[in-house]
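Quick look at what Swiss-Prot lists:
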BINDING   Ser53, Thr54, Arg55, Thr56, Gln80, Arg104, His131, Pro132, Cys133, Gln134, Cys270, Leu271, Arg298  carbamoyl phosphate binding site
BINDING   Asn166, Asp230, Ser234, Met235  L-ornithine binding site
Amino acid sequence: MTPELRHMLRDDDLNHEEQKQVLELAIKFHHDRFYKQPFAGPQAVAVLFDKPSTRTRSSFSIGVAELGGYPLVIDKSGSQLGRGEPVADTARVLNRMAYGVVWRTFGQGRVEEMAKYSTHPVVNALTDDFHPCQILADFQTIAEHRGGVDNLKNQTIAYLGDAANNMANSYLLGGAVAGMDVRVAGPYGYLPRPDIVADAKRVAAETGGSILVTTDAKEAVKDADCVFTDTWVSMGEEAEYAIRSKPFWDYQVNTELMALAKPDALFQHCLPAYRGKEVTAEVIDGPQSVVWDEAENRLHAQKALLTWLTGKARGDESLLA
């Protein structure tokens, strides 16, 4: 197998078969947390944070350690990136020390520049535009509740709320890669960028999926297999909550809206959740909610992704399955 440097910067960086490989590997890690250990020595993976995190920080820190590596966790305040050092310079330094870079930051262009200058895999752990690691965990959760990865193609998923945010973008692209029927609903002024919708439709045409963007929450949820939402206010916008939340009340996931989905529909939320706002307590704490499985699967999905990317970079086929 020829070594091939690959990155995970947005959800369509994996094709349909590659996404299946990663998800199958994630399920294996769920059954055996030490299924594979691609890092030895231990070899370091740089885990950089420009934004606060609970799930991303804990899952990548624990995950890299369980893969046999050393998670070099650096916050913005502890990095020269936080003082304006060029991304390219940071990448060149980390090339000499680390075996991969995981970065939770703001602009998508920052992780893309890191990848441009990196000689090791770079993983987008969240940007303003995309959250691909979360989507892998979400799809792993669906697969585990629906009889396997092959059944993802049969799923209809609905995302409600701020449809212009990173989660909506990633559901569009990641769902298209999986061959799902993806529905995204939000109010006018909070819909996905046309270029992302166009990319999702192009991929869906290749995989047999479909894309629907609408302002009608009921249309999106009708007969859906899984319903997703996210906080209405992203990090850094908390002071604007009263103003920003006004357009979203019709998209609150409650028992009435869930009743329009299939009777066995799942509910997922990437967390943190605000009960009584984007979702009611009856739903997130109810029998259809799988949010804690979803949160745990961040660990397994990210370990699978790092293992797969490392296998590609080393030309080691044994790490791909």
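Using N, Cα and C of the backbone, Cβ positions are placed for all residues, glycine too.
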Request  = Work through the binding-site residues one by one (Cys133, Cys270) and point out the residue whose CB has the fewest other CB atoms within 10 angstroms.
outcome  = Cys270
Ask   = Which of the listed binding-site residues (Gln80, Ser234) has the least company, meaning the fewest other Cβ atoms within 10 Å of its Cβ?
value = Gln80
Remark   = Counting other C-beta atoms within 10 angstroms, the emptiest spot among the binding-site residues Ser53, Asn166 is Ser53
Request  = Select the most exposed residue of Arg55, His131, where exposure means the fewest other Cβ atoms within 10 Å, treating these as the binding-site residues.
outcome  = Arg55
Request  = Could you measure between Gln80 (carbamoyl phosphate binding site) and Asp230 (L-ornithine binding site) for me? Cα positions, answer in whole angstrom.
outcome  = 32
Request  = Enter the number of other CB atoms within 10 angstroms of the CB of Asp230 (L-ornithine binding site).
outcome  = 26
Request  = Given the binding-site residues Asn166, Asp230, Ser234, state which is nearest to Ser53 (carbamoyl phosphate binding site) when distance is taken between Cα atoms.
outcome  = Ser234
Ask   = With every protein chain in view, how many other Cβ atoms are within 10 Å of the Cβ of Arg298 (carbamoyl phosphate binding site)?
value = 27
Query = Reduced to three states, what secondary structure does DSSP give Cys133 (carbamoyl phosphate binding site)?
reply = helix
Message = Distance check, please: Cα of Ser234 (L-ornithine binding site) against Cα of Arg298 (carbamoyl phosphate binding site), rounded to an integer number of angstrom.
response = 20
Ask   = Using DSSP, would you call Gln80 (carbamoyl phosphate binding site) helix, strand or coil?
value = helix
Task = Give the three-state DSSP assignment (helix, strand or coil) for Ser53 (carbamoyl phosphate binding site).
result = coil
